[in-house]
């Protein structure tokens, strides 16, 4: 939903820099022989030659359009050179283009606040740079103006008959009677032209730009004169730009809102909105949206340049059109594994290079039912807390898909059964990681994010579970079907400052394009138990004991820890009888000392504190597996998997002293 923001009172200078057919330029730099030839970059897709994602200007002159497929492009322009996007994991690999885009951003960011909007476009706030230039070297004082500056297109610029275009631009820029707004724009024209020249020199890429007083107008202007040119929108020319602009061309009006304006109010251009009062628009679309519509009709936008060089999210997706649509859960899982692997690599790179970690994993998909024209309902998106590591992301992505599938098919009154999707087809899959935050300073090693460290999630003041939470999605049963609190990115000594909540899949926003705050909600669960570990050495053999104590704090932990967390980080070898007797003797002696003497407070208090925990050990062979049947299915699977692992690990490592310690008391008795 659009958000109405008041425009800054002071004049701003905002530029939108857009690379010219960027993918083609990247390939031309790699293969210089393609320069000057009609060429295009095609997606990885064998069907009809693949879809075009970038078309050179030479190919456009031959009638080739980006909406075409490779075979169509060759029919329209037989001499066209088609270059396929690099492939990895059976899908397009865009890392080459991302890296090239980063080269451009590193150059543009030197001029002021910079916001990377996509692989090939950037917003710049040049207000400070323009004000400095206006104070030190105003345009009217310049004797020489660069040729690139004089090529600028200035909307609303008056030209006398017979005047040279470049001379008219010079006169507009150097006006002494211009108001402050226009003088700042003149400085912006000079700054942007120099930046574009620098980008061309260092990267061999051309770019176009729009220069205006806000992001909205700059974005509209950047595409008006391509390639390798820049367009300026002075304040006086705003209405000229917007009066004839189709309503669907305006950002955020290309969907349902724009359609509603056309059908309900008869609005075809942005200028048509001027006939409606702010109150009238608010009556139709609410206070916030109504005010936003009233503002954009007048070229008003207070949206700030965010000063962000790094992406807000990472994603990986693939479409399966026509006969390539997925027909079984196994093929869906295969492709989710591929997408998750790519996403994991990008997250790991971001973590290593930028010290950032993502908080939320989201799955999007599209589906339809063959021979059913009424089946094109939106496939619900699902989100859960982010866990790092390829296997974990793959597992969570598939669980999210299954939850979404149950909800989607449930809307038709159908329950999914078996591996086959029957008449259903999946035509698109994507996984994304969002809500990315910086890692707090003082973190000893980022590799901790890839290590499983079982910690009990704590609860913040607002009741949210803190820490990365592993979970298995359920559509109909909500969070209670399967739950785990294995923390995958825990750093005990550092608070990451990120709060996560377990998702409730029954109350999720189904907007595929956004991960909203309501996508992830808190799930009630049982009180957690704090498990502490002690270790000591005896007769050259290191053993570990498990201490179990209740937390007396007023703030109780939430979340149901996996039962395997209690066992998996401890040595399964029980303490010897001698050790147990020695511990018991020390415990009793320390208690008696506490009651009989106060002269040794320091030593005795320490011993009493140690004796408050009841020590116990266990031996995996003594666990009665018949009691497993009384446990939830999820815990049964975890325990059996754990015991198999420990049995292999401990083979041949018995002490041979016959000492045993039972854990049977941990389980309720089995009624036979």
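For all residues, glycine too, the Cβ spot is worked out from N, Cα and C.
As the structure is a computational prediction, the values presented were derived from the model and not from experiment.
Among the features that Swiss-Prot reports, domain 'UmuC' is placed at 14-254, with the record citing sequence analysis.
Summarising the annotation, Swiss-Prot assigns Mn(2+) 1 binding site to 18, 19, 120 and lists similarity to another entry as the type of evidence. In sequence order, 120, 121, 207, 208, 209, 210, 222, 223, 226 constitute the residues six or more apart from residue 18 (Mn(2+) 1 binding site) in its chain with CB-CB distances below 8 Å. Reduced to three states, the DSSP call for residue 18 (Mn(2+) 1 binding site) is strand.
Look at Swiss-Prot and you will find 18, 120, 121 tagged as Mn(2+) 2 binding site.
The feature Mg(2+) 1 binding site is assigned by Swiss-Prot to 18, 19, 120. Its own atom aside, the Cβ of residue 120 (Mn(2+) 1 binding site) has 23 Cβ atoms within 10 angstroms in the protein chains shown.
The Mg(2+) 2 binding site feature in Swiss-Prot is assigned to 18, 120, 121.
What Swiss-Prot records for 23, 60 is 2'-deoxyribonucleoside 5'-triphosphate binding site. Long-range neighbours of residue 23 (2'-deoxyribonucleoside 5'-triphosphate binding site) (same chain, six or more residues apart, CB within less than 8 Å of its CB): 41, 53, 54, 85, 97.
What Swiss-Prot lists as site 'Substrate discrimination' is 23, and the listing cites sequence analysis. Classification of residue 23 (2'-deoxyribonucleoside 5'-triphosphate binding site) by DSSP places it within a helix.
Around the Cβ of residue 121 (Mn(2+) 2 binding site), the number of neighbouring Cβ atoms within 10 Å comes to 19. Annotation comment: Swiss-Prot describes 121 as active site, proton acceptor, evidence class sequence analysis.
Swiss-Prot lists 318-325 (among others) with the feature region 'DNA-binding', giving similarity to another entry as the kind of evidence. In the predicted model, the region 'DNA-binding' (318-325) has a mean pLDDT of 87.
Taken from Swiss-Prot, the feature region 'DNA-binding' applies to 362-383 (among others).
Positions annotated as region 'Disordered' by Swiss-Prot: 521-617 (among others).
The compositional bias 'Polar residues' annotation in Swiss-Prot covers 523-544 (among others).
Per Swiss-Prot, compositional bias 'Polar residues' is recorded for 570-586 (among others).
For 587-602 (among others), the entry in Swiss-Prot reads compositional bias 'Low complexity'.
Sequence annotations record features per position, and here Swiss-Prot assigns region 'Disordered' to 648-672 (among others).
Look at Swiss-Prot and you will find 651-662 (among others) tagged as compositional bias 'Low complexity'.
Taking the mean position of the Cβ atoms of 18, 120, 121 as the Mn(2+) 2 site, the remaining residues of that chain whose Cβ falls within 8 Å of it are 16, 17, 19, 22, 117, 118, 119, 122, 207, 222. Using a 10 Å Cβ-Cβ cutoff, residue 60 (2'-deoxyribonucleoside 5'-triphosphate binding site) registers 15 neighbours.
Annotated pair residue 60 (2'-deoxyribonucleoside 5'-triphosphate binding site) and residue 19 (Mn(2+) 1 binding site), C-alpha to C-alpha distance, rounded: 16 Å. When secondary structure is read from DSSP and collapsed to three states, residue 120 (Mn(2+) 1 binding site) falls in the coil class. Within the same chain, the residues at least 6 positions away from residue 19 (Mn(2+) 1 binding site) whose Cβ sits under 8 Å from its Cβ are 25, 101, 104, 120, 121, 205, 206, 207, listed in sequence order. Counting residues of the region 'DNA-binding' (318-325) by DSSP class, helix then strand then coil, yields 3 helix, 2 strand, 3 coil.
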